[in-house]
Amino acid sequence: MKLHEYQGKEVLRDFGVNVQDGKVATTPEEVQAIYKEYGQPVVVKAQVHVGGRGKAGGVKYSANEDKALENAKNILGMDIKGLTVNKVLVTKAVDIDAGTEYYVGMIVDRNVQSYTLMASAEGGMEIEEVAATNPEKIIRHRVDPVTGLRPYEAREVAIKAGFRGNLNKIADMMVKMSKAALERDAVLVEINPLFVDADGTPIALDTKFEIDDNAMYRHKDLAHYRELSAEHPLEVEASDYGFAYVKLDDGNVGVLGNGAGIVMTTLDVVNRAGAKPANFLDIGGGAKADVVYNAVKLVSKDPDVKAIFINIFGGITRADEVAKGVIRALDEGILTKPVRMRIAGTAEDEAKALLNEKNSDLIKMYPTMFEAANEAAKEANALGGK
């Protein structure tokens with residue numbers, strides 16, 4: 001479960017992290033009232049569960065009351081990557097030039113089968129950009145989930161990352177952040193920027209906090225944070241179906257497979273083919289025709305999807321059940337986008353016979369996933385994909 005910035009700050013504050021105060025508003029008039037209360041320049045920040053809010057115009061500095069009101073009117077109700085902004089966080093503006101911005105974060109790192117603490121002196125930037133252009137500027141440190149991050153480890157990481165200021169206070173914030181991540185079963189926690197003021201005091205100006213959905217039964221006190229209206233509607237619908245589904249930004253090829261490993265590999269081959277996957281969708285093992293039908297229906301609803309790549313290796317999943325689900329979606333007029341399939345394994349021959357008998361121009365099968373990915377990418381790009 002993703003938390004809004006203000007919610008993530010509330011969780012971190014409970015663990016003793018020094019976070020920037022702010023107030024939530026749902027109307028321009030409320031923003032105006034908050035500005036009057038603060039009596040100084042503010043920043044109006046869209047609260048949506050996607051990255052790139054600033055680039056999309058969802059974060060605005062407001063030097064005066066009129067500007068705060070204008071920015072609130074522009075941001076509230078705007079669409080950011082398919083999500084409508086229904087609320088904003090209003091914070092006091094900080095003079096960034098009077099201090100230094102850093103980045104710290106904790107992720108579940110499957111490569112080391114543990115948590116990894118990340119720190120960088122390149123704060124205020126998207127960490128993905130830093131990882132792509134200057135990966136050496138990100139310091140990584142494995143955190144033992146039993147002992148947690150110890151103060152001396154945090155200080156060592158801060159020094160290696162080139163942090164300046166009161167290193168004991170910075171290390172203390174990192175320790176408290178890691179404790180929040182561990183105790184709240186987070187898969188991701190970020191403080192970006194971690195602002196160190198002229199006195200060397202660290203302040204969390206912006207945060208990301210995401211809790212493992214499978215652990216939410218342990219955190220029922222946070223269940224009220226979930227807002228279906230703030231989540232992507234396709235992800236909400238997928239949850240109703242019981243699918244493992246993630247909407248991906250800027251994609252043009254819908255991806256459907258059986259098993260997380262196959263789906264992850266499929267994302268890679270789509271990228272290699274010159275397109276971008278629009279989603280992650282795992283139908284699971286043993287999926288029947290109705291499950292496949294619902295999965296195809298879900299992916300077809302995404303306007304970003306220009307072509308669909310179905311990658312199936314049948315074990316307990318029968319390929320003919322997959323074919324029946326696809327054919328049903330076609331017969332009902334739900335499937336209107338090109339489908340490129342690689343289908344193999346249990347009942348492969350039966351599946352191919354069903355699809356060949358249907359003889360639809362929309363559906364084509366290929367012997368390898370690389371060929372299918374290349375054809376799906378060609379179709380998507382030719383049809384105006386991103």
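Using N, Cα and C of the backbone, Cβ positions are placed for all residues, glycine too.
Among ASN252, ASN258, ASN271, ASN374, only ASN258 appears in Swiss-Prot as part of the substrate site alongside GLY315, ILE316, THR317. The distance from the Cα of ILE316 (substrate binding site) to the Cα of ASP206 (Mg(2+) binding site) comes to 45 Å. Considering only the binding-site residues LYS45, ARG53, GLY54, GLU101, ASP206, GLY315 (substrate binding site) has ARG53 as its nearest partner by CA-CA distance. For the binding-site residues GLU101, ASP206, the ranking by surrounding Cβ atoms (within 10 Å, all protein chains) places ASP206 first. Our reading of the ATP binding annotation (LYS45, GLY52, ARG53, GLY54, VAL94, GLU101) yields a largest Cα to Cα distance of 20 angstrom.
If you compare Cα positions, THR317 (substrate binding site) sits closest to GLY54 out of the binding-site residues LYS45, GLY54, VAL94, GLU101. Maximum C-alpha to C-alpha distance over the listed substrate-binding residues ASN258, GLY315, ILE316, THR317 is 10 Å.
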